[in-house]
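Database features (TrEMBL):
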type	residues	note
SIGNAL	1-25	signal peptide
TRANSMEM	82-103	transmembrane segment
TRANSMEM	115-132	transmembrane segment
TRANSMEM	167-186	transmembrane segment
TRANSMEM	193-217	transmembrane segment
TRANSMEM	297-316	transmembrane segment
TRANSMEM	337-359	transmembrane segment
TRANSMEM	379-400	transmembrane segment
TRANSMEM	421-441	transmembrane segment
TRANSMEM	461-486	transmembrane segment
TRANSMEM	507-525	transmembrane segment
Amino acid sequence: MSGGGRVQGLSRSCILLIVIAGMERFAFKGVASNLVTYLTDVVQMSNSSAAKTVNSWCGFTSMLPLLVAPLADSFWDRYSTILTSSFVYVLGLGAVASTATIWTWSPPSNKSSPAFLFWSLCLISLGQGAYIPSLQAFGADQLDHDEELPSSKDDKSSNKKSLFFQWWYFGVCSGSLLGVILMSYIQDTFGWILGFAIPMFAMITSVAIFTCGNRIYAYKPDKSIDSKPFQNILQVIKVTASKLVNGRIRINLPDDKSDVGELELQEKPLCDQKFGSNGGFDGNPRNKTYLLENAKIVLRLLPIWAMLLMFAVIFQQPATFFTKQGMTMKRNIGRNFKIPPATLQSAITLSIILMMPLYDKVLIPITQIVTRNQKGITVMQRMGVGMFLSIIAMIIAAVVETKRLEISRKMSSLESETVELSIFWLLPQYVLLGISDIFTVVGMQEFFYNEVPVRMRTMGFALYTSVFGLGSFLSALMISVIEAFTSSGGRQSWFSDDMREDGLDKYYWLLALASTLSLLFYAIFSKFYTTTSELENGNCK
């Protein structure tokens, strides 16, 4: 395998791809982190409409990998997918930048302008949908012992995989941090033209750097490129739906009328099957039973996947209502400098970068002593801890918003909306969300990557991103339903444009309650879930 020299146990190609991933996050966060301000100040949307637009776009962006990744796994090689999708990505960034250029000279109209902006954002979503999972899977391809990567028993391979994910996340967080801090300041200070042009040129630069690394990349041939995981999953969904209606049924496997198989949903499926070292079942990848069983693995992840959605809903708040909160709070540092509200989102990323070393150096050794387990805590326990911390963050957010409203309502209606409450009171909720990120988001990446067959590793990353995609749509739906309910009878909506009369504190309490119920069901499902490694080691009872 090619790959050049080694730094910190990783090949040069891995390190180059980590840098490229960080540049992509810089470009995306440079647009997304302050988009709600652009929509309200330039496009003249209401607070609720802007929040729903951002949530819907983030949801669409995060869901697309789930649709594109199976195609990339089945029909395209990852290198070509990265190059093609990056072109679409740059095109979308350029279209968004053009809206800022046009609207500087001509104010946006009510109908055509938001539509053009929406389609520009959709181009970014389409490009990113194929780009991110393919880039991360291509990065994993650079590791040694690639065939054994998803469920290898080899300690060296496992350590290298953990090291790769750690540095990958560090690169992503560093790019996100720089994008939030730098671009929010530039957009608020120097305008939106420069604020949207810089992310576009950053993405162009990352594509140029990617193509320069051609000679050091490992291009791993796929021996099962004609397998079609997406079709297999649809097949199993169809069989499962029929089973729920008719009970146990027999199905004819595709392309082989003489080979009839039975698919049964069991409490602990697949226990009597022998797992191979590649994270799937032993046997020919072209064997239809093999393909259907691999698809069953993905389907049995759905209960855990669904319980993570409320965590994703909570993570939509910093880019929407947290930012609008900050706009009404005291933001001065010194006489002349004002903190852009979107900059506080960097506290999430900064807390991840600072706290992640403590996770390995401090927390894991302590949990090893307490649990008497060499791993400290399992991946599923790690995700659960993060979900719990996100609930605490929402409780703190509700308390701070209650205090802000109390001060705001005592002020005269003729005064400015800005209250005498420092924006730094929002920091605890941002920091807690960052710490919860270390537990849940990193755990989700490892969980979905390990639990899918090696042939479907790109889709494993897509399953992870789709949690945040559907969570964004769920957040937008909740806003619509709550707004319709709370504004009936002439009452003020919880998401009123008048920040003195909103009910964001009640909304935050509702999110905390819903997340608590989600965590409870997650704990129940986790108790009965059997991981792929346990199945491989024959631990099914």
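Even glycines carry a Cβ here, placed using N, Cα and C.
Counting Cβ pairs closer than 8 Å and at least 6 residues apart in sequence, the transmembrane segment (115-132) and the transmembrane segment (167-186) reach fewer than three and form no contact. Remote same-chain partners of the transmembrane segment (421-441), defined as residues 6 or more beyond its termini with a Cβ less than 8 Å from a stretch Cβ, comprise 308, 311, 314-315, 318, 322, 325-326, 329-331, 339, 341, 344-345, 347-352, 355-356, 359, 382-383, 385-390, 392-394, 396-397, 400, 403-404, 407. Scored on C-beta pairs under 8 angstroms, the neighbour of the transmembrane segment (337-359) with the top count among 82-103, 167-186, 193-217, 379-400, 461-486 is 167-186.
Under the criterion of 3 or more C-beta pairs below 8 Å, with sequence separation of 6 or more, the transmembrane segment (167-186) and the transmembrane segment (193-217) qualify as touching.
Among 82-103, 193-217, 461-486, 507-525, 507-525 has the largest number of CB pairs under 8 A with the transmembrane segment (379-400). Within its own chain, the transmembrane segment (461-486) is flanked in space by residues 48, 51-52, 55-66, 68-70, 132-133, 136-137, 298, 301, 305, 308-313, 315-316, 444-445, 447-449, 452, 492-495, 503, 507, 510, which lie at least six positions past its ends and keep a Cβ under 8 Å from the stretch.
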